[in-house]
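Here the structure comes first, spelled out in structure tokens, and everything after it is commentary.
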């Protein structure tokens, strides 16, 4: 009963926050409400027994997306006003579509099909890790994860095509020293999350996102002058996750008897996964950090 | 219900009251300084009470973890409060520079 | 396994190395692009000889693993992507001195190729979602290469593309809710004709149609394709919009329950009719030459959609052949069109169609390339476009769809109108637009090459048809 | 069981709310936020589906969790790219 009450309150809160973010008159309110929405989503994931997602959402939704949105928001400062948008026509249409979707989701059978989960449980022992989500991400469906890293890299490459630097505020001593205090903690926590990912919720992405927030905090306080795409070492690390992944895949093809892409031999699977995850964490952290803070200054070179 | 549990629930309730008061302040107070005042102080206290309340009902390891969380939240609350206050102070002293974003309509 | 893996990972690895060492990018690019071509050809031959192949990535067996499948169609699409990739990058290399693209073109075009290859091979609903998203983001990043003027079209393209992928993902989630399976061949024939599946398939179809710019969901395409640099537009029009079309084909020919097919056929056929008519009319009316080619893409995609609709209704091998012949011939012809128009536009300084006056005199090669490619778009014999249209007509005749025969004739007239609109102007030699500088030969030949290839397709019509007819 | 359907309904309504924001706008930034809300709705649907086995006393579906995690990364990347484009669009001298 108490849990159901919690569910009702949480769902109502989620819908209210999302609705208010969409309908609020000022954009700054919309962004603030959206960030609150992200935090609540993390709570919902935790409630629905998806701790991996709760960790990821907390790091991403509450931290980095917020920073990104506020950067964009700062640009709206001098922008001309918009005409007040229509409400009723979209509302009626969307209400009809939502009613249809509501009807559809109630058609979903409550009885799950468990064949795939059983298959995961069966093969977990030979996957190299003991946490099923990590096993799916880095072994059973590793190709998805490789492509996902590529999507992240592409976001950075795309964003680099359209640089627009906001002037950084001079760092205040208080925030500088707080950032110095905070970032080692974040580093420690992200290393812990990465290590834990093999056996429990956590893993490369959560760790990377956390590390990225540490990097962003330091960079916004005028430290880490080396954090730039022009720096060869940074570039290498940004690409490290993908390079490690591809090399591991190609190496697995060369092993005798195995002629399938991305198949880790059972004995080495744990090691390969940890290796790939470590590089992926670094890559994710640097990519996200570069996405949020951008480049100091640069002009795109010609081919 | 033991004494310990009763204390715990009382502390939790008190914590929630402080949280509510802080949020009310955030919504109702007029200028940013008083809002900061409401949010950081009341919420930190509220969180502390909730942490103590929960600690009474849990294992000591979780209690330590929650204490750590409270400390970090307190630290970041204090720092961000200072920074925000300083920012608004500078804005008031020199209001020409970047206008409040989002004032477009 | 090796050819399939290399066709995906070579461009991917090349892109990574290019990002590390940007100075070596061009050498690496051409080495890889040239190397991929024999690989793709031998893969095609291997598959035609020994039949289709499939792999479960990671060696995990069906259900758990992502499936890759290489059949005749897939290998053909792999080969076409590799060929166009090589051609377009050769074009970019040849105009290097004159108007260089930003250095980011090299890694991005390799990533585009890698994501396309991954999409052609994949047979997993969720993996296809990731591939789609990847493809969309590379495409947008490539559009932004032409600078600030492309910002708004690029952002619109990105938002539409994101919304479309989300629609597709929702459909995937609903299918997973019912069956707990993501593998397309395993789901084949399993789906019941219930409400949930209807909603799921509708959502996926709408998302894919939005991505494939099927009329009336094509609104983002003309602006995005017209504002991108010419070689990028060539890649986008020739290859990128075909990705979602391929998934649409997979969904409806293997996944969908038979009870849904008639309704879907009507939906697709009416979208196709709209595309052929309104796309053609818009191409005739637009004042800009690149928009003309972009609208022609909308119209030409209509033919492929129409063929898909009739595959669903009549299940004749002619329609399958027609659909993929349209896709192949359009890919080659449209690449030629965009490269030729890009060359004309740059040399003559002419963004508007009117300014192409006398181009047959000033830049005969580029104009010839455009006319030859246009011939295939119209469907003049013996081009690839003709083959496709012939297969479609044959199918329509056999299934006695006389209304659609008429529609096809009207659409053909419209495409003839917009092609001849350019060609007639080009032969108006009274007051030709003078070129800004003496035209370059090599890029014009490179524009001509795919146009000639599409006519050569007719020579290989028999093997092509046998390859494609096996599909059903 | 009730809470399962409650979360499913929330997911469907989030999709509606997001679509409303996407249609209405008017600012591009709000449209980007709206796309994220739609994404959140879809992820919530998937996570609720993953929760189904829990109702029968089994562990949650880890494949769906992995898929949502991949989806989250893709969504964040796309948002970051869109915001970068938007930033440039707004910063451009008019």
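Along the chain as shown, residues are numbered 1 onward.
Note: Cβ is positioned from N, Cα and C throughout, glycine not excepted.
Summarising the annotation, TrEMBL assigns transmembrane segment to C:6-21, C:28-48, C:68-91, C:126-145, C:157-179, C:232-252, C:264-285, C:292-313, C:319-341, C:362-382, C:402-424, C:445-468 (among others). Taken from TrEMBL, the feature domain 'NADH:quinone oxidoreductase/Mrp antiporter transmembrane' covers C:122-415.
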The transmembrane segment (C:292-313) touching the transmembrane segment (C:402-424) per 3+ Cβ pairs under 8 Å rule: yes
Stretch among C:157-179, C:264-285, C:319-341, C:362-382 sharing the most Cβ pairs under 8 Å with the transmembrane segment (C:292-313): C:264-285
Other parts of the chain folded back onto the transmembrane segment (C:28-48), taken as Cβ under 8 Å at six or more residues beyond its ends: 3-4, 6-7, 10-11, 14, 17-18, 70-72, 74-76, 78-79, 82-83, 85-86, 89-90, 93, 106, 109-110, 113, 463, 467
Stretch in C:6-21, C:68-91, C:157-179, C:362-382, C:445-468 most in contact with the transmembrane segment (C:319-341), if contact is a CB pair under 8 A: C:445-468
Beyond the flanks of the transmembrane segment (C:157-179) by 6 or more, those residues with Cβ under 8 Å of it: 125-126, 129, 132-133, 136-137, 139-140, 143, 187, 190-191, 194, 196-197, 199-208, 210-211, 219-220, 223-224, 244
Residues of the parent chain within Cβ reach of the transmembrane segment (C:362-382), under 8 Å, 6 or more residues beyond its termini: 296, 300, 329-330, 332-334, 336-337, 339-341, 343-344, 347-348, 388-390, 412, 415-416, 419-420, 422-423, 426, 432-435, 439, 441, 444-445, 447-448, 450-452, 454-455, 458
